[in-house]
Amino acid sequence: MAHYGDHQLQIYQAGLKGARPRLPMRMEDLEDAAHAVLSRESYWYVAGGAGEITMDANRTAFDKYRIHPRMLTDVSERDLSVTLFDRILPSPLLLAPIGVQSIIRPEAELAVARAAAATNVPMILSTVSAHSMERVAETMGDAPRWFQLYWPRSPELAASFVQRAEQAGYEAVVVTLDTKMMAWRARDLQNAFLPFLNGQGLANYTSDPWFRDGLERPPEEDMWPAVRRWAGEFADPSKTWKDLATLREATKLPILVKGIVHPDDARLALEHGVDGIVVSNHGGRQVDGSIAAIDALPGVATMVNGRVPVLFDSGIRTGSDVLKAKALGADAVLLGRPYIWGLALDGEDGVREVIKRVLADVDLTMALAGKAQFAEVDGSLLVD
Ligand SMILES: Cc1cc2nc3c(=O)[nH]c(=O)nc-3n(C[C@H](O)[C@H](O)[C@H](O)COP(=O)(O)O)c2cc1C
Ligand SMILES: CC(C)CC(=O)C(=O)O
């Protein structure tokens, strides 16, 4: 039986022929290598946060939780699969929605989509992508994909987005709640860099009939009216929980809310009929000084109590992070910045390689901790 961990042997075997890994193995080195090839503006747009306190805490908080390995259990046949919304996925990993990937490489989300499809890891496409959701879907065949919604001000545009996504074979809608506006981001302000202002990341808007209708000039001739309209449409700070009902009417797809860190918000989300929750603090990019995402997970998971899937992101870098998240109540996790470093360094191949490494690490760490089934990992994996 093949296992994700076999990737380890492939790397050693290539070494016998004198080949060293193309991408640095340690996550920190991978990021440093990406830093070296990207422009200062692009690197910091991805690496930066709303200050650094929560971004750092997202990593260091994992250290508080320690795995307590068990010996002499049969781990010869391992299974990392999870079932989400009736689809069996071979692993618990999804790709977090990351916008404006054209600041990294022009092929952007198309390269990521191919890598996701090749590894059967669902891609969650951002609303603010450089390629339209239809174009991305075309590259993916039947491979699983979800659509992330930045919930626009106009109900017409929101309905159009989710209906286009449904039509293009996206299997769930992830509504991001933590970005009603962009945080104070010192790195980007220092670089005076906001990619949307020169039209990057607007493909889903400029390809939308409703959005185009309201423009005085087509974006192909003049991007500025589209940018202005986007700035007005992007988000609506007045939205509240009751507005979820209008989204619910617009699509049959499962709706998840992303950005939940408080148990009371998890309760409200359930009361308003969501189908899933993503515990996330947006990688520390929105509220600096806020709770580390992994510390928010147990309270949310307890409140949800298995009624809907709970996903987790913000700080996932290694196999043990994935296992800790599962032990603390996540059904699956989203990988964020690391795959962007893979994209920066080696395009589609780089993204695929980063995904394979994380999954190999999950597989091996799980086996060495004494578990054969990811589905069976629970709180007993951790030191009390
Ligand atoms: C450059 C960048 C762009 C992002 N764009 C989006 C986005 O368009 N939609 C969204 O819901 N989250 C977005 N996020 C947040 C990610 O989905 C995810 O929550 C975050 O990257 C997790 O933190 P980590 O990458 O440090 O693990 C973005 C994150 C980064 C780094
Ligand atoms: C605010 C967005 C348009 C993109 C995003 O989610 C991010 O940069 O964190």
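Glycine residues also receive a Cβ, built from the backbone N, Cα and C atoms like all the rest.
The following features are taken from TrEMBL:
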type: ACT_SITE; residues: HIS282; note: active site, proton acceptor
type: BINDING; residues: TYR45, TYR150, ARG185, HIS282, ARG285; note: glyoxylate binding site
type: BINDING; residues: 97-99, SER126, GLN148, THR176, LYS258, SER280, 313-317, 336-337; note: FMN binding site
type: DOMAIN; residues: 19-384; note: domain 'FMN hydroxy acid dehydrogenase'
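Ranking the recorded positions GLY99, LYS258, HIS282, GLY315 by Cα distance from ARG185 (glyoxylate binding site) puts HIS282 first.
The Cβ neighbour count for LYS258 (FMN binding site), using a 10 Å radius over every protein chain in view, is 24. Sorting the recorded positions ARG185, HIS282, ARG285, ARG317, ARG337 by the number of other Cβ atoms within 10 Å puts HIS282 first. In three-state terms derived from DSSP, LYS258 (FMN binding site) belongs to an extended strand segment. A Cα-Cα distance of 9 Å separates LYS258 (FMN binding site) from HIS282 (active site, proton acceptor). For ligand 2, the neighbouring binding-site residues among PRO97, ARG285, ASP313, GLY315 are ARG285, by Cβ distance under 6 Å. A gap of 17 Å separates the Cα atoms of GLN148 (FMN binding site) and ARG285 (glyoxylate binding site). Ligand 1 lies under 6 Å from the Cβ of GLY99, GLN148, out of the binding-site residues GLY99, GLN148, ARG185, ARG317. In this structure, the binding-site residues under consideration are TYR45, GLY315, and the one with the smallest number of other Cβ atoms within 10 Å of its Cβ is TYR45. In this structure, the binding-site residues PRO97, GLY99 were compared by how many other Cβ atoms lie within 10 Å of their Cβ, and the smallest count belongs to GLY99.
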